[in-house]
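Colleague: Straight out of TrEMBL:
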type	residues	note
REPEAT	2-35	repeat 'TPR'
REPEAT	70-103	repeat 'TPR'
DOMAIN	139-178	domain 'STI1'
REGION	201-257	region 'Disordered'
COMPBIAS	209-220	compositional bias 'Low complexity'
REPEAT	252-285	repeat 'TPR'
REPEAT	391-424	repeat 'TPR'
REPEAT	425-458	repeat 'TPR'
REPEAT	459-492	repeat 'TPR'
DOMAIN	529-568	domain 'STI1'
Amino acid sequence: MADEAKAKGNAAFSSGDFNTAVKHFTDAINLSPTNHVLYSNRSAAYASLHQYDVALSDAKKTVDLKPDWSKGYSRLGAAHLGLHQYQEAVSAYKKGLEIDPNNEALKSGLVDAQSAATASASRARSAQPPNPFGDAFQGPEMWAKLTADPTTRAFLQQPDFVKAMQEIQRNPSKLNEHLKDHRVMQALGVLLNVKFAHGGGDDMEVPEAETPSSSKPSQSSKEEAKKPEPVPEPEPMEITEEEKKKEKKEKALKEKETGNAAYKKKDFETAIKHYTKAMEIDDEDVSYITNRAAVYLEMGKYEDCIKDCDKAVERGRELRADYKMIAKALTRKGTAFVKMAKCSKDYEPAIETFQKALTEHRNPDTLKKLNDAEKAKKELEQQEYFDPKIAVEEREEGNECFKQQKYPEAVKHYTESLRRNPKDPKAYSNRAACYTKLGALPDGLKDAEKCIELDPTFSKGYTRKGAVQFFMKEYDKALETYQEGLKHDPNNQELLDGVRRCVEQINKASRGDLSPEELKERQAKAMQDPEIQNILSDPVMRQVLVDFEENPKAAQEHTKNPMVMNKIQKLISAGIVQMR
């Protein structure tokens, strides 16, 4: 609250409204009575109103509260000088210079005070008779009377009138020079408590003091008497660095808000103008830079966006800014790179920038942008590498190696073929056969499934998949695969042979023809199958199995249920259940 009142006082002082400034500084002092800066500022305001007695009181309070503050002695000297207490003014300025020898305001004030003291001594020696109206202009009472009168109070806001009254106060003989100014005549009437007729100032003269012929002052004394006494000029209000910084931030934030409003309206040029202004006012907030970068991004000026993002990162690190702000700038830079990308290589700087952003702050939006960029890069690479003709050539090379039983070399050629044409089901089928020969059954199964996915009518895909499942001793699954293939190619001999082999193995288990080792191996493998686990954990199926063993009549009813019999068949194929 005290700071708010102080700020209002400073604003009033700057606009020349010294009475309002005094009011606000007084309010601030009531809230913070030990703040020496407030007394100093009010002293300056009183001095501007030529109320030097109260200015002196505030200056003394300032020095009492902060004896080691040079500004207080500057206020003290100015108040003494306004009261024509020249020696006290000289003493105050000298004390201030002891604290701050390089203070220009104190040096200037000391020179003025010493000059005034010298001029005053010279006038005293010249013993000039007093001007008839001289007493009316002496002391601070003159300014108090002029302030109290409604008419002359308005004149005090006019610099030329104040200057004229100061000249007359220093040298009453100067009155004749200003008698044509009706404001001076009005002021003279107020000071003498006399009402002059309007416009009578042109014919009126004030007699100058005559110098006795017996005692003419020397030429040097006359010159000294003519020198005007210095009048203390009020110094500007004391504003702390913290207040200056706060004021700058407030101005910059207003510019930012105006820029934000323009951005929402798609008025990008205006937004850039205000963000730039905010950057000039306050260079300690990188959000102004990142906001301008966002505008450039919307405008398609990607190079300018990247430059601003780099500037934001560099300045942010200097200021030790929030890591989230650094990450935001890097993410925006990566987005600009993505917008500029025309080939797969163009995505590399974007991916690198997104990765840097994630090291600063793991933001979900940045992570998504990284994944999208990597995906787009991969797709472009495939498009750039796509060549069906070379793909066929590589597949043929693989076939030759397969015939020669060079399975690793065949895999390399089939892989290159798929890179050139990732939509070729034949290459997947052939590579699945190689993996089967090499014993890499999971890889073979994956390729066979991809082959079927690309072309569900391609019978080779089913024979490859069925063969892999057969070698993995998943006979029931292999049987299903072969049967699915026969739907598309009913006369395919490989598929028919596959069905026959699977049935033989399943029947062998159901007849109990397996050796103890084979049975144990098949059961262990079956227990790892999630489908078998679900069947065995089903309470209904467990009761069915008990009925088959203990209740033939109930078992007979279960055989009429296709779903139950399908599950029983799976258990038989896995070697879990044997029929006797």
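Numbering starts at 1 and runs along the chain as it is shown here.
In case you wondered, yes, glycine gets a Cβ from its N, Cα and C as well.
Just so you know, TrEMBL annotations never went through curation; they're auto-generated.
For each feature listed, report its degree of burial, its nearest neighbours and the pertinent distances within the displayed model.
Modeller: With helix defined as DSSP H, G or I and strand as E or B, the repeat 'TPR' (2-35) counts 27 helix, 0 strand, 7 coil.
Counting residues of the repeat 'TPR' (252-285) by DSSP class, helix then strand then coil, yields 27 helix, 0 strand, 7 coil.
Non-local neighbours of the repeat 'TPR' (391-424) in the same chain are 382, 385, 430-431, 433-435, 437-438, 454; each lies 6+ residues outside the stretch with a CB under 8 Å from one of its CB atoms.
Beyond the repeat 'TPR' (425-458), the same-chain residues lying 6 or more positions past its ends with a Cβ under 8 Å from any Cβ of the stretch are 391, 395, 398-399, 402, 405, 407-408, 410-411, 414-415, 417-418, 464-465, 467-469, 471-472, 488-489.
Mean pLDDT for the repeat 'TPR' (459-492) in the predicted structure: 93.
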Colleague: Go ahead and report the DSSP secondary structure tallies for the repeat 'TPR' (425-458): helix first, then strand, then coil.
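Modeller: Computed counts for the repeat 'TPR' (425-458) are 28 helix, 0 strand, 6 coil.
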Colleague: Cβ under 8 Å to the repeat 'TPR' (252-285), counting only same-chain residues 6 or more beyond its ends: which ones?
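Modeller: Result: 291-292, 294-296, 298-299, 315, 319.
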Colleague: Based on DSSP, tally up the residues of the repeat 'TPR' (70-103) by helix, strand and coil.
Modeller: 27 helix, 0 strand, 7 coil
